[in-house]
Every structure is written in structure tokens, then in C-alpha cells.
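**Student:** Below is one structure. I have some questions about it.
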Amino acid sequence: MAANGMNVIHADDGTVANMGRRMSELQWDRRESHVDFQGLVDEARDATQHEHKMGMLEAIKTYPKAVGWSVLASTALIMEGYDLVVIGSFYGYPTFLQKYGALQKDGAYQISAAWESGLSNGAVVGEILGLMITGVIADHFGYRFTIGLALVLVVCFIFITFFAVNIQMLLAGEILCGLPWGVFQTITTAYAAEVTPVALRPYLTTYVNLCWVFGQLIGSGVLRGMLTYTDQWGYRIPFALQWMWPLPLLVGIVFAPESPWWLVRHGRLQEAEHSLRRLTSEGDSDFDPAKTVAMMVHTNELEKEATVGTSYLDCLRKSDLRRTEIASMSWMIQTLCGSGLMGYSVQFYEQAGLSPAYSFDFAMGQYALGAVGTMISWFLMARFGRRTLYLVGLTCLDIILLIIGFVGIAPATNTAAPWVVGSLLIIYTLTYDSTVGPVCYCLVAEISSTRLRSKTIVLARNLYNIIGIFNNIITPRMINPTAWDWRAKAGFFWAGFCTLSLLWTYFRLSEPKGKTYAELDILFEKGVSARKFGSTVADPFRGDTVEARHGGIVRVKSQENEFEKQGDSMVEKMGL
């Protein structure tokens, strides 16, 4: 037991010995010197200690270019957030309904619940396919190439949605646009996690959620401005505006540095050091890119001892199975906590009795608060961590959903009820985007191992998309007056799933706050429980086997001399 009361876990002795044998002849020509394994471990330890001591402001000063490149890549998610809110809001948009809807007996145009589900799920189906392809392409060709290819494809596919002459063609366009969106969902989060240090990880990974919110806010603003259009341009202009994002982003991605972690995994150590220099400034005299590369090499070798392969199947083996579970559930909870009600806010407000103009005003205020909430989460994560925010956030969301459900019981003659529901949805949005919404992106990026990060994120996001299909099928039926017509009473349904999500979070969600990837590897390999995860200190540089006795940690056997054992070189192991 450490002096501060925290458990200390060390790397397994066999792991250290195997790493010593594999890395004893590791070298790369950075100062015309040979780097033995012990020297590399010392440099990796120095880099790890430097990262732990680095605060947010110091990290920004050292990694200003990494912040810029990460923000640039993540901005691609604005397109998806924009399109999803546009499609969801179009279901209450007069000119869109006249073009793609069916005439009802009362003389109004309405898109059936089945077609609403089809349009919403079309993009999700495309995303699932795009995600699976992304995991393979990114591993072989790198993050830059994959993002660039997706940007080119989205430019082409927007033509289909813009010129859609019927609802079937519009569905085809949504499916094809989903392919590159699947790329953005995965690679932008992984890239942000790999080009920044521990101190900046929570901010730049959760910035992805902020991009979603910005896209939703922009989409609501555009639709609000189009309400006065009574012709086809009222819905075609919102589709056309999607072209303003890909081309400038593509120009930036061409010049972006590749992830140094990806380069290390492919044995390109000199390029990894060069990439780090492009991501950092020279203002921090204590920062040494070579030592940071040594830390990456050490972590990569540590993970090889736990999982040799990098296939999708490896994500379901040994300790990586638990990591995949946490990443998947963290993302699925985003939907299971009832956030789907926010996506149908405009239609919900209108069905609650508000005019279209007021509905869009409420939606814009809702998404603006979402952006504020994401920024609030940055301060909350630094203070309380990821697990605590999930627990508190889900508890609050559960209560809000129950209140919405009870308000929905009020008779239709109660004119105050629609305004109460609208106000509660705004409070829900602020709570969601201060906790579960943005924190999820930080969790999935940190929890996965570096060698399996892109594939773990792919699997987790696809499970999220499958839950999204379920949500897109039943939520329109809950809200649509031609289907179940539950309206606000849908809050009861989602409150039940929110409660189940809260229970899982308490027993299974681990706290990665402030830990390097190598330290996370050790904690997962040792099977530390979720509730003790955050308070346990891991040391990936000591070759000690430890065990707990009577509440304390006792060192059983030291294996530090194994550092110097000779064996097959890492070069031979990598087949270089």
C-alpha cells in the first residue's frame, strides 16, 4: 500500500523479461547512438513522469500544433451532426413533407413512421459498413489517408441527397453518405487520442462531441432560416450547404502529420519522432521527442505481450474483451439513456402544440446549451473524472425522464404541459452534454489498447449504431401521431433503460483519469476492479510480481535483473 493509501500494481515479471529479450537490440539512428533496452526503459520512464507532471497549460504550450491538427480532423464530425439534425427536423418541415410525404385524410402531408425510421437508419447502415472498412484501411494506410479518402467520398455522395427526386433516392444518398461518416466517427477520436499527451486527452477527445453539437446547432439555424421558403429550395439548400466542409478540411488533412503511435506500431521510429516534432513546439526544454517515442515503443511492446495480433477477434480476447465491453457500453449508453428524444425535438415540440417557428427556436436554444455543456464537462472531468460524471449524469437524466413521463400523463387540454416538456428537454440536453455525451468519447479513446484502438472503436461504435437503429425504429412511433402517439410518456420507457445503464456503470465502468496507456495496460492485465481502478497506481517499468495480503500490497519476487537478458531482437520479431 502506498503512503497515500493507493494500491500499487507493477508489470508482471514475465512480461518485463520477455520485453527485455525482444527489445535488447532495439535501435534507431536519432543521435548516431545505439539504444539498448535498459536505456530505452529509462527514457520511457522519464517521458512518462514528464507527462504526469504536465498540466493543461503546459501541455498546450508544448503541443500547440497537435491541438490544431486534432481540432481540424475532428471538425469533420460537424457534417454528420448537421445532417442528422436536418433529417430529423425535416419530419416537421412543411416543404420537405410536401415533396417526400403522403397526403393524409385531414389534408396535411406526413411521412410515415416506417419511412422516418428508414431515412434515419439509412445513414446508420452506411456508417456500420464504413466503420468495418475503416478499421482495416486505417491500420494499413494510416489515419491521414483514411480521413482524406472519406472527405473525397462525402463530396460525391452529397450530390445524391441534393438531387433526390423521391424518398427512395434520398434513402440511397443517406446510406452512401453514412460510409464516410463511419470513418469520421472512428478515426477522428483515435487521432485526437494519439497526438496529444495525457493532460489534453479529455479535452480534445470530447471536442468531437462539441463538433456534433455545432453541427446540430448550425443545422437548426439553417432550417429556421428556411422556414419562409415555400419551394424546393427550402430543403435543397440545407443539403447543399454540406459541401462547405469537406474541401477545406481535405486541404488541411493533406498537410497533417501522421499519428506517431501508428508509425511506432509499424516500426517507423524515425518518422514517429519527426511526426512528434511537427506536433510540438520547442518551448519546453524538458520535452524530448526521442524519449516520448521510447515510451510509445515500450507501451507497444507491453501490449504485444498481452495480445500478439491486431485483428477484430483480438478485441474479444483476454483483457481486451473487458476493454471492448467498456468502450461499447459507454457508447451504447449514449442512446440507452434516452437521448433519442433530443433528436426529434422539433417534431416533439410541434406535436406538443408549439408552432414550427417556436419549435426551431427551442431546438436552437437546446443545441446552444449542448455546446455550453460540453465546455462545462472539460472542467468537471479535470476535477471529478470520467466514472463520477457518468454516475451523476445518468442519475440526473433518469430523474428528468421520469418527470417528462409524468407530465405526459396530463390531459391534452392542459396548455402548460407542452411548455414544461420543452423546458425539461432543454435541461436534459444541458445535463447530457455536460456528462454522458462528451465523456463517452474520452472513455472509448482511453480505454482501448493502442494496438487495437481503431478496431475497438469500430466495434464499439457499431454496437452503438445497432442500438441507434433500434432507437430510430421505435422513437418515431412513440412521437408520431399516426403510430403509437405516446408523446411525452415516452420518458417512462427511456427512464427504464437509463436505470439499467446506471447499474452497469457502477459495477463495470473503470476510471482512466490521469493514466498513461502503459499504466492502463497493466491495470487491465491485472484485472483491477472498476471501483478500485482509479485509486490504483500502476508501474509499467518495475518487473515485480505483487499480491494483496490483509489489505496491503506485498512484493513477492523481483525481476529487475531480467532487463539485461539477451534474446531475439525486436527487429527479428517484427520481421523487418
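Backbone N, Cα and C atoms are what each Cβ position is placed from, and that goes for glycine too.
Because TrEMBL annotations are produced automatically, they should be read as predictions rather than curated entries.
According to TrEMBL, the protein has these features:
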DOMAIN    69-513  domain 'Major facilitator superfamily (MFS) profile'
TRANSMEM  66-91  transmembrane segment
TRANSMEM  119-138  transmembrane segment
TRANSMEM  145-165  transmembrane segment
TRANSMEM  171-192  transmembrane segment
TRANSMEM  204-223  transmembrane segment
TRANSMEM  243-264  transmembrane segment
TRANSMEM  326-344  transmembrane segment
TRANSMEM  364-382  transmembrane segment
TRANSMEM  389-410  transmembrane segment
TRANSMEM  416-444  transmembrane segment
TRANSMEM  456-474  transmembrane segment
TRANSMEM  486-507  transmembrane segment
**Student:** Would you mind listing the long-range same-chain contacts of the transmembrane segment (326-344), meaning Cβ under 8 Å and 6+ residues beyond its ends?
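**Tutor:** That would be 84-85, 88, 91, 366, 390, 394, 397-398, 401, 404, 425, 428-429, 432, 436-437, 440, 443-444, 447-448, 456-457, 459-461, 463-464, 467-468, 470-472, 475-476, 479, 490-491, 494-495, 497-498, 500-501, 504-505, 508-510.
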**Student:** Same chain, outside the transmembrane segment (171-192) by at least 6, Cβ under 8 Å from its Cβ: which residues?
**Tutor:** 69-70, 73-74, 76-77, 79-80, 83, 87, 118-119, 122-135, 138, 143, 146-147, 149-151, 153-154, 157-158, 160-161, 164, 201, 204-205, 207-208, 259, 441, 444-445, 453-454, 457-458, 461
**Student:** Is the transmembrane segment (364-382) packed against any residues at least 6 beyond its ends, judged by a Cβ distance under 8 Å, and which are they?
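**Tutor:** Tertiary neighbours of the transmembrane segment (364-382) are 56, 85, 202-203, 206-207, 209-210, 213-214, 216-217, 220-221, 224, 342, 345, 389, 425-426, 429-435, 437-439, 442, 513.
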**Student:** Look over the recorded stretches 66-91, 119-138, 389-410, 456-474, 486-507 and say which has the most C-beta pairs under 8 A to the transmembrane segment (243-264).
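**Tutor:** Selected stretch: 66-91, with the most Cβ pairs under 8 Å.
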**Student:** Could you tell me the mean pLDDT over the domain 'Major facilitator superfamily (MFS) profile' (69-513), as a whole number?
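**Tutor:** Here the predicted model's pLDDT, averaged over the domain 'Major facilitator superfamily (MFS) profile' (69-513), is 88.
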**Student:** Short question: most Cβ pairs under 8 Å with the transmembrane segment (119-138), which of 66-91, 145-165, 204-223, 389-410, 456-474?
**Tutor:** 456-474
**Student:** List, by number or range, the same-chain residues at least 6 past the transmembrane segment (389-410) whose CB is under 8 A from its CB atoms?
**Tutor:** 330, 333, 337-338, 341, 377, 380-381, 417, 420-421, 424-425, 427-428, 431-432, 434-436, 439, 443, 486-495, 498-499, 501-502, 505-506, 509
**Student:** If I count Cβ-Cβ pairs under 8 A between the transmembrane segment (416-444) and each of 145-165, 204-223, 456-474, 486-507, which range comes out on top?
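**Tutor:** Highest pair count goes to 204-223.
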